[in-house]
Amino acid sequence: MARFSLVVVVTLSLAISMFPDTTTAQLKTNFYGNSCPNVEQIVKKVVQEKIKQTFVTIPATLRLFFHDCFVNGCDASVMIQSTPTNKAEKDHPDNISLAGDGFDVVIKAKKALDAIPSCKNKVSCADILALATRDVVVAAKGPSYAVELGRFDGLVSTAASVNGNLPGPNNKVTELNKLFAKNKLTQEDMIALSAAHTLGFAHCGKVFNRIYNFNLTHAVDPTLNKAYAKELQLACPKTVDPRIAINMDPTTPRQFDNIYFKNLQQGKGLFTSDQVLFTDGRSKPTVNDWAKNSVAFNKAFVTAMTKLGRVGVKTRRNGNIRRDCGAFN
């Protein structure tokens with residue numbers, strides 16, 4: 001009996017090793033090498049044209065990719081429009097603030113690709129978003145990297161599926177680590193991806209608690225740089241519309257760089273979830289390292305983005321190539 005059990009275990013082990021994770025195995029940088037060989041150049045051109053219209057395209061696209069991948073995987077389900085019978089992901093409260101320019105650049109790139117007969121209905125919206133995300137990072141002077149392709153578009157998008165799957169502005173390191181671990185991402189990946197906050201903006205309503213009503217002892221979060229706290233109070237007075245936008249990075253808001261970590265060292269992290277990366281002993285060494293070593297940070301960011309792009313990838317069995325990125329076929 002023991003010998004039989006051993007044979008079964010060995011057989012199963014061999015079977016598992018012979019059939020790796022198909023969702024990862026299907027991804028490759030030249031996935032469209034035969035069907036649409038110029039896909040990267042076409043998407044890049046659209047991205048560049050869109051950025052000329054508005055800088056918001058850069059942070060909007062980067063944030064859209066993250067929000068998509070963290071809810072049911074990188075399958076462009078965040079792009080689906082709600083219908084009378086289905087409230088989609090994009091209409092969940094956590095996604096309402098996603099800027100339209102991120103959606104628009106994907107839609108425009110899809111249109112440009114479909115205008116080429118050999119590419120028409122061949123490239124998934126999920127892959128377009130992944131490519132556009134790399135291109136906006138590069139446009140902001142961030143690192144370039146090869147994008148793995150071969151994702152299929154998701155067949156489901158519900159607002160309910162967003163619940164509890166996206167990090168919040170008040171999360172602590174333990175909460176962040178658990179959330180990222182669900183997607184096979186490490187603490188180092190979490191810190192690297194958090195640095196996407198070197199770009200873009202947030203809304204005043206997300207920081208009111210840190211600058212006016214932190215706790216019973218302190219009105220202002222004591223981990224906030226005092227001068228920075230006053231700047232935030234001027235930008236976000238108590239009576240201001242909570243939707244008013246403020247820069248995530250007060251120093252270089254239009255450039256992808258490691259200044260994000262230097263800001264944390266000075267108490268200038270906008271969200272609690274940013275500043276805790278420096279105040280928590282588990283993550284502080286990494287923050288200090290990347291604050292002085294941009295090469296190490298860029299390398300870690302590329303690794304994290306590649307791993308993020310593999311989360312929940314759909315195959316031909318549970319996905320398709322959407323004709324309209326905002327609607328199911």
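In case you wondered, yes, glycine gets a Cβ from its N, Cα and C as well.
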(message) Among Thr198, Thr306, Thr315, which residue does Swiss-Prot annotate as binding Ca(2+) 2 at the site that also has Asp249, Thr252, Asp257?
(response) Thr198
(message) In Swiss-Prot's disulfide listing, Cys69 is paired with one of Cys36, Cys74. Which one?
(response) Cys74
(message) Tell me which of Cys125, Cys236 Swiss-Prot records as disulfide-bonded to Cys204.
(response) Cys236
(message) According to Swiss-Prot, one residue among Asn95, Asn215 carries the annotation N-linked glycosylation site; which one is it?
(response) Asn215
(message) According to Swiss-Prot, the disulfide involving Cys119 connects it to which residue among Cys36, Cys325?
(response) Cys36
(request) Using all protein chains shown, find which of the recorded positions Arg63, His197 scores highest when you count other CB atoms within 10 A of its CB. (result) His197
(message) Quick check for the class: what is the C-alpha distance, in angstrom and rounded, between Cys125 (disulfide bond) and Cys74 (disulfide bond)?
(response) 10
(request) Among the disulfide-bonded residues Cys125, Cys204, Cys236, Cys325, point out the residue whose Cβ has the most other Cβ atoms within 10 Å, with all shown protein chains included in the count. (result) Cys125
(request) Please report how many Å separate the Cα atom of His197 (heme b binding site) from that of Cys119 (disulfide bond), as a whole number. (result) 34
(message) Quick check: of the recorded positions listed here (Arg63, Cys74, Pro167, Asn215, Cys236), which one has the Cα closest to that of Cys36 (disulfide bond)?
(response) Cys74
